[in-house]
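Student: Take this structure, written in structure tokens, and hold onto it; I'll ask about it next.
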Amino acid sequence: MKASKGKGPVRKDKKEVLKPVEEIKVGKRKAAIEADKSRRKLAKNAKLGKKDPNKPKRPASAFFVFLEEFRTVYKKEHPNVKAVSAVGKAGGEKWKSMSTAEKAPYEAKAAKRKTEYEKLMKAYNNKEDDEEDDEEEVAERSKPIAKIVEEEESAEEDDEEDDDDDEDED
DNA sequence: ATCTTGATTGTTTTA
DNA sequence: TAAAACAATCAAGAT
């Protein structure tokens, strides 16, 4: 897969000879790569029937709101415990030992989040309705994801990938 | 390098 | 209405 291109005499003078303009170019390349990764991921998620990033997540229940605070406390008293399951167990145990009065503030906050969630969902649904009218998008969605990825990869070649590849990882 | 797992309760969503 | 999915968390194992 790795097309070894200019591996001739020139090898490492890129960094020293880098001019400001080329730096910008490199930056663009890296940015483009990241953007492509994002697109690929989105395509993959779409293929898996995954969720849109715009879709609001379900509101945290009172127990989860409580957990948010409980986790920090638990981590302080148990700095060495790294398992999420431990916090879950301890949290659940304590939650059941709490009276309704003690849970009240968490439930209040949970109720507030729920309201916000409903609001977000409304906006989300409305936006979806708007986009639904676009025939192009409908066609785009019905077309196989693999094809979309293919197209994006082609575009990638068009914009860059004309010099050597030395995208340092570590 | 990215993705899944695990453990809990409450709410949302689905069949 | 009952059952299933999923909300946060994050280290660690799996792929």
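Every residue gets a Cβ built from N, Cα and C, even glycine.
Pulled the feature table from TrEMBL, pasting it below:
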type     : residues  : note
COMPBIAS : A:28-37   : compositional bias 'Basic and acidic residues'
REGION   : A:28-58   : region 'Disordered'
COMPBIAS : A:38-48   : compositional bias 'Basic residues'
DOMAIN   : A:56-125  : domain 'HMG box'
DNA_BIND : A:56-125  : DNA-binding region
REGION   : A:88-170  : region 'Disordered'
COMPBIAS : A:104-127 : compositional bias 'Basic and acidic residues'
COMPBIAS : A:128-138 : compositional bias 'Acidic residues'
COMPBIAS : A:150-170 : compositional bias 'Acidic residues'
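Can you tell me where each of these features sits in this structure?
Tutor: Confidence in the DNA-binding region (A:56-125), given as mean pLDDT, stands at 95.
Residues of the compositional bias 'Basic and acidic residues' (A:104-127) grouped by DSSP class, helix first, strand second and coil last, total 24 helix, 0 strand, 0 coil.
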